[in-house]
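The signal peptide annotation in TrEMBL covers 1-20. Annotation comment: TrEMBL describes 325-361 as region 'Disordered'. Here TrEMBL flags 339-361 as compositional bias 'Polar residues'. Annotation comment: TrEMBL describes 343-453 as domain 'CUB'. Here TrEMBL flags 464-549 as domain 'Fibronectin type-III'.
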Amino acid sequence: MKNKITLAFLCLFFIGATFAQQKRTCYAMEDIEERKATDPGLENRMKEIEKFTQKRVKEMESYQGKVNGSIITIPVVVHVLYTNSTNNISDAQILSQIDVLNKDFRRTNTDKTNKWSQAADTQIEFAMAKVDPNGNATTAITRKQVSGADWGTKFKAYNAMKSSASGGVDPWNTAEYLNMWIVPKMTNTSPQGDRTILGFAQFPGGSAATDGLVMIHDAFGSTGTLNPSFNLGRTTTHEIGHYLNLRHIWGDGGCGVDDFVSDTPESDAPNYGCKTGHVSCGSEDMVQNFMDYSDDACMNLFTVGQKNRMRAVLEAGGSRRSLALSDKFGSGNTGGGTTQDPCNGGATLTENTGSFNDGSGSQNYGNGKNCTWLIKPANGGKVTLNFSSFNTESGYDFVTVYDGSSASATQLGKFSGTSTPSAVTSTGNAMFVKFTSDGSVTAAGWAANYTSATSSADTQAPTAPSSLTASNVAQTTLTLNWSASSDNVGVTEYDVYRGSTKLGSTANTSVNITGLTAGTAYTFSVRAKDAAGNVSSSSNTVSVSTLSNSVSYCSYKGTTSYEWIDYVSFGGMTNSTGANGGYGDFTSKVATVAKGSTSKIVLSVGYSSTVYKEYWSVWIDFNKNGTFESSERVVAGSASTASNVSADITIPASALLGQTRMRVAMKDTAQHTTSCGTYNYGEVEDYTVNITASTTRDSDVVRATNLGNDTSLSLMAYPNPSSDFVQVELASKSNDIAYRVVNTIGKVVKAGRLDNSRSLNVSNLNTGIYILEVNDGQKLLKTKIIKK
């Protein structure tokens, strides 16, 4: 989309002043205008971040870059600003929020479901920092008693808590720590009434002095002093999504407005409560997504596309790369036989033998512990863990052991009490140990040691994938499926080949192939790969020919000296382009719509200089006969704007199922009378539409909605006040402009048409205030004039 990135810098969560209607809303665009006024470079920085993000995500989706297998841990510091014991939240409440984040971002949350197949483990974790900016050991929790409870009476106060000069706490180095500020209260005062702000986050690209997120004390965590409507910690999950560059799932607009994520369904507005099954924009809304406005108990997932977008800002070249590289949560000493104390963070043990304990020494361990150890020797085999002592509060404080590299692996044992557990052994070369304690009563603690037999380097390749088949073959796309390979350690990915050319890699046993040529023969094969880089022999080779284009279409072409089509979005397909010489063949781009459904098409024009009035037509060949008939013109309208315009398209019940052609045409001289031939000043683009079975309602009528011009035209009258003549300035090419002058009681006192000079004689009007209405045949505009 041509320079049309919607910028949002802070996203503020609101609730009403009373608890009768506790709905979340966001206060983003008002804030960004304030930010842009004081930071002229912000808009360009955010555009550059978005450009990099979209490029990086595209590489991930086309297998040129992968994010599997690499866990990114983000160090966290929490600054508590309090006025009394109620809002001076406990360590346990803070740690409960970190636990929620890790479960939500790693998809180990107990309320997850399998409804959405694109739900993903983001492979992002959070840990309280162990080292402060000066290199000293820390709990990463700071506390400051303040005199004022409310930190949000007006916008400029929203960041006051982030500065000691304004009574708050300065952030720790925001390049190395995710800073969270907890405050008693934030209120936004507006003409609509007072609203409580639950929290807000800063998007990538803003000032380092204010980077991070802010939450009120009773919407943070899942235990302790909490508002019952926001007591599961999902507000913070949502805000960190913004912090890592996610937009709201509905794109902060209607159908056709993008959240820059390809696998989230279109939605026309936020969802509140838990409106499971709600349909908008022709598909079911993903109300369970963390980036909607649903209740805490309804949210449970991020998607693969959202994972890729968040990972993009954390990977090489990303705006938060330094945060991903930070080791402030503590990496631990990896030497064999050395005691490890990761609380509250994590340690990785890479030697073949070692020991670790609860970290309390001769004292009882503390409350609110959340400690982890990953035992993964570089050349080790199975890991055996033995406890040399064990004493925890029975039924409340636990040591849990997992058979793998994270808490999502199979549990080998969960131990509590005073009995020393028996030895446990992993099935592979990794073991994960987690120690948690609650907010009261402690005990002497425990100690453990481990051993791992040295194993030789893996040289055994996986078995070859089998039963490779091709399905869903179309003109330009198809799907490959195969049976999984086996390996002595484990298959990590499959390399997909077209002939001898490697297309990319996937961890799945199916892949969609796009960008093929219609009526062309291809051969495909697949090879398996393990973690050591061993590659299997090739699968069987499958030969397949893409479908030929069964019909041919007439050519239709404009010229692009001054304007061209630069954006089309319809049926889940979006395409941003530049000038294409008058015609662009984008039939490899497929929009999917259902018979009987109504979907919105969004269009925009690119200009070399001046904005003109453009006439749009869209045809869809519903009967697949290769001709765009007059009854198949689904859009006919005009607009004078470089911004997005839209129209609704209804697919008739008589439309044939399957793929067909859609033609989008734009020109500036007059409305299109044909879909074939050539013309001056404009452009034509062809697309593919896949029509599926009816899902909602039937209609044999194809409705074309005229495009409107909502923003581009402006009206100015001067001098103002005037005693004789008023010069009317209107950004319109039309020479046929009607006007009316209306007094303050609604009476028309003068009317007519402006000549080419666009000068209006007001000398015969009485002294006073009037409304000048101007209509250029496309839009009615108004402005106030004063006769003196």
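Glycine too: its Cβ is placed from the backbone N, Cα and C atoms.
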Using DSSP, tally how many residues of the domain 'Fibronectin type-III' (464-549) sit in helix, strand and coil.
0 helix, 45 strand, 41 coil
Just give the helix, strand and coil counts over the domain 'CUB' (343-453), going by DSSP.
0 helix, 54 strand, 57 coil
Take every residue in the domain 'CUB' (343-453), average their pLDDT values, and give the whole-number result.
84
